[in-house]
Structure formats: structure tokens, C-alpha cells
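Engineer: This is the structure, below, for whatever I ask next.
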């Protein structure tokens, strides 16, 4: 403690500091050993509340995971559970964590801080230029989703005011009610972007339409609100002009962080770094404090019982206004979407998306509550309906919407190609390391008289931004726009020029979260009617080190999704990384291709890819066919299985015969194996031949003796043989694992 002699020279002895005992409680506790109640102090009580909030939120989130509920719904439900509706009925809990106001101010401050920082991050991730990129479709949907619900809600409110069915305490604030009713159909761009991100639909057709339309909707609504705000200011007395101007431009603590975030450039390097280092802590700690605290304001017994007559009347008519706004928003969105040639089911789901609620809408309703336009039961009713609207929309979108579209029956494949037809391929790259192997593969597949079109997709992780993008770098006249294209893609353009018209390359850049990157891959394959999709897969050991470790892992996750949802044959290009990128010279290049063939659908498709390569004289093709020594089939196996096996065997023989005839330098070797050990020994002999590329099917036919090795497979995406080759082979440059879609 400082001595009185330590007072500063300018201290005034007449200054007085009054301390009221017990008014400012200690923030810390001496512990239960000293008979000190920890819950009577700020820090222990606050930490206990945050811990309870965290566990309740996580428990609700994992319980509702099968229903695909977003975090905002789970946090609000958690707040209702730990609020007066359920746990608040426990006296000891109510007295220490709810009734006591010692930590209320601190928690409110933390939640407001979390909101401000969250709004700042929203501004960082927003791209205002999206407004100028939005087309006629987004503008029509935005207008329809504003005009129709606003008209229906306003007419319903005017009828209530004229019929005098509202309580006097409510009806006398008619101007405030007009603004309040206009917000019941509110759903902002940041909230929709967060929902689509949780559902992994940012780069789907529905997601891109929703983001573009919601951005236009926010701009139109903001402009309309400012006009109405100025029109409602009839008498502006002296000193009131500042408030009128502030209301007219929408100035509030909500707008400030968003505007500050818009100043920060979105995406790398600054925007990405800010989002990466702060978003997790804000969304997992501070923001749930706001949602849970808001959920605690919901007193379900009070809302159901309607103790006050005025509360009952206002709550009833408020529910009517909410329903009218919901129907109007749904009607306006669906009608305008169908008018814009959108599928009816997608229009319906877009209407559900535009009825979701989030942090910005809830903040707006709190402002009306603070201005006494709605009372506490009314706010509780709004929160409950927001939970129902957002939860129902999330479940319906997840259940009814397929971002990949319908698969073509049987799937497009290389086998289905006619002679001298163009091979269409989607080639994916995420960095420069798989480029040399992709170039080699393209050179082997493309030959004179057998043209090839490659849709080159550069996969870029979306970080620090809320909107996904699919950028086309070549126009219809063949002009390549280099401004937004990564320089590493230039090698593909040069490869196109060297092929003298036999190869066409269409470069694209997809900016999206890697969790949903397969949507762009599969959509491109479906829209362009491609025969095969090539996705890169770094070999084992490569992903364990290096600066691109996380990027390689994310690219690997795309593979499994493309295998499940691809509309055509999928080829997984497993490649070795040497620490540097060597671009091959196509002049005079020769290719030594090896194929491991057991039989079956995937092996025949792999052989068809190799046969396409063997059309060139510079390609040497070696096919190693495994012939299992099968014992005599017992009578109990049935005649049907034997016929199925015979038909499959006939297809294998036809494919092998076609390969023998089509290739210039083709060697087909047959070996008999009776067990796994013999099979493994024969496969290892391929290591000595040092092929440039080994092609293998992902799934082998019956009798391959490989079923018992499936449990040892580390990378299920590659299948048993693909995983074995990727793990053990040291000299092979690359491996192509092929799966034909059913």
C-alpha cells in the first residue's frame, strides 16, 4: 500500500473518494477453505457461467447435428435451457447465476465486444464489388423479396391500427411499428453467407444466387429505409438535425464495425490473416455469449400463460404479423425466382433461405425492445419464431437440395467414346507440384486424329471472404485474360499451342472452401459433359512435410467427395514431389505406361484410358493381367453367379483384344496367381521396369485375392492396389487410379 507521503505534488487535500461497502464486490474469491462463497464474486461467477454456456451450447449442437441445425439455433436453444424456462426454476442456480447482477454487466460487455468484432469480420469478408457483378436475375429476386412482403406486412398493420385491435400502449407508436414491421422479413447477406457456409453450399447454384440476391436486397432495403426515415421526420426542432441525419444514414454501433471491415481488403494477405487468427475465438466464445444471453430472455411459461391481457393481445397480433411477413417473403422470393427461370424446388429453398435469422436481425429486434416498441413477451415470441424459421430452413435445404444435380445413368466414361471422338476432361490443380505429371498425362492422351478438350480448374481455398467465385479466363474468341489467372497455368496454354489444334484448354479458377470444392468440380464435369475428371493426390510422405501440407490435405479431402458425386469417370493422379517443379519438354517425349489388370468395371475403364494413350507411336504400353487359379465352382453356388462371372469375363476379353489391336507398341502378359503372396510378388516386379505412369482400377473384380488386404488400406480413396503402389513404389513418377461411375 502506498504511503501518504507518496502523494503527487498537485494533489488536492480537499479531494474526497467515497467508497460504499459492499457496492463494489471483490472480483476474486479467497476460496471455500476460507468460507468465502465463490459465486458472490465476479470472476468465479463469470467463469462458471461461461463454462455452463459452453457445455450447454455444445450439447445442443451435437444433439441436433443429425438435423443439420446451424450454430445460431443451437446457441439460442441453449440459452432457453439455462434460462428461466428450465434451469432457472432451480433456486440455487437462479440465485447465483441468473438473479445475481454482479457478472451481468461484465458478460454483457463481453457479448457486445464479440458482436462488434464479429461485425468487423463480416465487413472484412464482404466484397462490395459483388453488387456490380450481380445480374438481372439477382436484381429481380431481390426486388420481389422486398416489395411483396413489405406490402403485405404494411397492409396487415394498417388493418390492425384501423380496427383498433392493438393495445393502446402499442398503437400510439405507429411510426415505430412501420419500421418494426418492415424488419420482420429481414434476412441480411452476412447471415445468409454464414448459413450457407455451415451447410457447405457457398459455391453451389443455390448459394451463389442467394448471395448475389441478398447483396442487392441489402442495398435496396438500406436505400428505402433512409428515404422513409427522412420522410417520417416532419418537425425538426433546433438541435434535432444531428439525430435526424444519423438516423437517415443508418448510423449506429452496428454500422461502424461493418464499415471499418469494408475498408480492410478482403482475401489474402490482410483479410485472410485477420479472419484466420480471430474468427475461431470470436465465434466459439464471444458470439455464443450474445446468443445464449438472448435465449435467456425467453420465458416460455410466461409466454404461454399470457398473464397480462395486453401482452396476450399484442403477442397474438404480433404472431399474425410474423406469419404474414413470412408468407410474403416466401411468396415474393418464389415468384420472382420462377420468373427468372429458376427451378421450382430451388425457388422454394431460396425462399426458405431468405427467411433465416441471425445476429443482425436479432440486434435489430433488441433495438425495438429497448425503444419499447415490443415488450419482453413479444421479444421472446420473435426469438422463438426465429429459431423455428432458421431451423426448419436448414433442415429442409440439407434434406431436399442436391448441389451436384442428378447423375447421368451409367455415367460418362472413356469406354463410351467413339473412334476419333473428342475426349473431354476436367483437370484439377491446387498448386504447381502436380503440374508436370498433369502435362505428361495430357500429352499421352492427346494425339493427332484424337482431339482432346481440357477444362483446367485451379482450386483456391476461400479464406477471408464470404463469397465464392468461379472465374473464366478465356472468352469465346479464345482470348485469355491473364489478370486474375495464376501464372502457373501458363504452361497449359503453351501446351495447347504446341499441340497445333489437337488440344483445347479452357482455364478456370474456383475460389471456395475446400469442404465444398467438389461442387465446382462435379458441376463443371456435368455442365461440360466430360468423360473423365482428374484430381491430384500427393504420394504418402509428401503430405507429412512442406509448406503446403495443409493445402495437400485439403486437396486429398476433395478426392473422396468427387468419387462419391462425380457424374463421369474419376481418375486420381498420385504423384511424387521432388522439392522443385520441373516442367517437361513435350518435343520428342516418350511414355512408358504400365497397366495392372484383374478384370471388372474399373479395370476395364483403366485399360480404356491406357488404350487411348497407346494410339501414339511414342507410347509403350505394358499390360500385366492377373489370372487367379480358381477351383472348380461348387454346385451350391448357383447357376446365376456363374453366368454373371462369365459375362464379366467376356467383357474383359473383348477389352484386352481391342487393346492388342489398337496399339503400336503393346505387350500383354498373363500371370497366374493363387494367393495374396504371389500377387504381391508379381506387383513388385513392376517396380523394376520404371514406368512413367502406372494405370490401375480402384476396385478389382472377383477372384483377385485382395479382399483380405482391404483392412490394411491407409488411403481408402485409392483402393487396395492404388494404396499399395502409392506407399511402396519408389521409382514410378505417377500412378493413375481409375473409377468408373455406376
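Backbone N, Cα and C atoms are what each Cβ position is placed from, and that goes for glycine too.
All annotation found in TrEMBL is predicted automatically rather than curated by experts.
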Engineer: Choose the correct range: of 18-37, 78-97, 138-157, which one does TrEMBL annotate as transmembrane segment? Give that range.
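Structural biologist: Result: 138-157 is the stretch TrEMBL calls transmembrane segment.
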Engineer: Need the matching range: TrEMBL marks transmembrane segment on one of 285-304, 405-424, 425-444, and I'd like to know which.
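Structural biologist: Per TrEMBL, the stretch marked transmembrane segment is 285-304.
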Engineer: So, taking each listed stretch (105-126, 138-157, 378-397) in turn and counting its Cβ pairs to the transmembrane segment (285-304) that are under 8 angstroms, which one gives the highest count?
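Structural biologist: Highest pair count goes to 105-126.
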Engineer: Of the listed stretches 105-126, 138-157, 345-366, 378-397, which one has the most C-beta pairs under 8 A with the transmembrane segment (316-339)?
Structural biologist: 138-157
Engineer: Within the same chain, where does the transmembrane segment (105-126) have neighbours whose Cβ lies under 8 angstroms from its own Cβ atoms, ignoring anything closer than 6 residues to its ends? I mean 6 or more beyond.
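Structural biologist: Long-range Cβ neighbours of the transmembrane segment (105-126): 42, 46, 49-50, 189-190, 193, 253-254, 256-264, 266, 271, 274-275, 278-279, 282-283, 285-287, 289-290, 293, 359-360, 363, 464-467.
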Engineer: At a C-beta cut-off of under 8 Å, are there same-chain residues at least 6 beyond the transmembrane segment (138-157) that contact it? List them, or none.
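Structural biologist: For the transmembrane segment (138-157), the list is 177-178, 181-182, 184-185, 209, 212-217, 220-221, 224, 320-321, 324-325, 327-329, 331-333, 335-337, 339-340, 350-351, 354.
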